[in-house]
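Q: One structure coming up, written as structure tokens, with questions to follow.
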Amino acid sequence: MIEMKNVSKTYMIGDTEVKALDQIHFQIGKGEFVAIVGPSGSGKSTLMNMLGCLDVPDEGEYFLDGIDINNSSDNDLAQIRNTKIGFVFQNFNLLSKLNALENVEVPMMYKGVSAGESKRLASAYLERVGLQDRGKHTPKELSGGQQQRVAIARALSCEPQIILADEPTGALDQKTGREIICLLKELNAQGQTIILITHDNNIAQQANRQICIIDGQISEEPRL
Amino acid sequence: MKIMRTIRLALKNIRSNKLRSALTMLGLIIGISSVIVLVGIGTGATTNITSEVASLGTDILTVSVNTDQGLTLDEVSELSELSGIKQAAPFANVSATVSKGASTGSMLSVLGVDGNYLDVRNYTLSAGREISFIDLDNQSKVCIIGADVSQDLFNNENPVDQTIKIGGDNYTVIGTLTEQGSSMGTNADSMVLMPVTTAQSLAGSGDIKSLYVQTENEDAVNFTQLATENYLKTTLDASSDEISVTTQQSMLDTMSSVQDTLILLLAGIASISLLVGGIGVMNVMLVSVTERTKEIGIRKSLGARKSNILVQFLIEALILCLLGGITGILLGLGVGSAAELLGYTFTYSLNIVGIAFGFAAVIGLVFGIFPAYRASCLNPIEALRMD
């Protein structure tokens, strides 16, 4: 499903060239639960932007579901993010003016789902993450764990091929963090492909496979 | 993405920043409402005058001479014999104190006229008779009074055959005018008409310096104008500067060019104020884009295309301007109606309202496009990193 072929990415910081990703090469299949682990500054954020089609490689090739990302237009990338990828961020990134239900509806709005249908689906996804009675609450009125659940419901709303979770427990206490990981595992058990990006080895252990990134290169893989 | 949802979203954002939105709209509200009020009062005033000019009839020439010695009554009747001229109505304007019995009286405009005057001006009598040749020959001390004068002096009594005092002498009222309203700067309702010969002796001068000439044929009005000018020049040995013969049409033309200039001027002022309002809108939208960088990043990560973001911000600017436009139009109409109560003539056409509304929309688009474009071009990775 995901195929990274010798992908490199270089940034200019001032006058110095920084190689954020260096010849990254891996594949992820359908239904996998993969953790991408690495310390901060290892290039895993860049990798996650790349996987999420927010960025394109300088060198190498990236195929997502058979689509060549290098040769896709801005609009194609937007559509891929919309329908094939569900983002879950460290700090939730919910829209503060919208309530939980409306937040879940946003990707469906861009997909072109009708208002009535997206409302119905949004309720269903909120129910799936256990927040059926919180639909009218704005993010401010929800706890961190609840906000992350809303974000997961939002990520699920367009039935993506991949859930891309970037430090999803980073802003949560341990207990809540465990609950979120449990929820992700549950989703994976139902067949959802999940990629988890984290610096925390304990959390990475929860996944079925780890890809370890250090200094922009893959250091050990696989380790089952 | 459905347009209704975008509109609802825009309204939500506008509502969530009520004070800022209101202040932004204020510039447009002031601009649009001042256009409505100024154009309304401006066209109201000129339409008034234009309709007065037109009501006099386009077959009428207004003649005034500025020579030391004016025309005699004989010369006026000689003029009226010229081919193409139906009748000439000389008039002499004097002011005199008009009173009844022992009351103090008031200074009124007294117009010396002949029998043709009422016909030329389309005035009608509500009672009594017109001024006759005998009155003119005898310099009779008779008068016709306007509706207001009649009301003031006689209340609801019949004034005909009653006596009033004009400039110290007794005059017999022979008729009253129906209510005419104000026209061409003169208000016939508060005027007193008397035989022109009587007025001349009252004023101590026997010259006629102004008259109306009615042509036989409306189409030949320019020919008659020339004939009248020539007659005056030879009879009075006057230069072109000393006489003026104007057609109603030329006055109408002057009026309409005045109106055009006025509207152009107002449009100029209006566009400046709207431009300033528009810059205000752009400024606020730019601030809004900066404030909502994170939101834009999130939306892009969720699959919003450039065009989705562009349309979202553009519609927000557009709605802001249209709300301002509508408020401005309502305020303008309100102020205009208030001005009408104060005695100004205020006319508004749906044209002007439509143009104002259209202008608001154009401003929303023109000044909204730049901030919206900036928003749509934000890099999602950098936008997401914002706090």
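Note: Cβ is positioned from N, Cα and C throughout, glycine not excepted.
Marked as domain 'MacB-like periplasmic core' by TrEMBL: B:21-221. Per TrEMBL, transmembrane segment is recorded for B:21-41, B:262-289, B:310-336, B:348-370. Residues or ranges marked as domain 'ABC3 transporter permease C-terminal' by TrEMBL: B:269-380.
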Q: How about long-range neighbours of the transmembrane segment (B:348-370): same chain, 6 or more residues beyond its ends, C-beta under 8 Å?
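A: Contacts with the transmembrane segment (B:348-370): 28, 32, 35-36, 39-40, 43, 270, 274, 277-279, 281-282, 285-286, 313-314, 316-322, 324-326, 328-329, 332-333, 336.
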Q: How many of the residues that make up the domain 'ABC3 transporter permease C-terminal' (B:269-380) does DSSP mark as helix, as strand and as coil?
A: 96 helix, 0 strand, 16 coil
Q: On the 0 to 100 pLDDT scale, where does the domain 'ABC3 transporter permease C-terminal' (B:269-380) sit on average?
A: 91
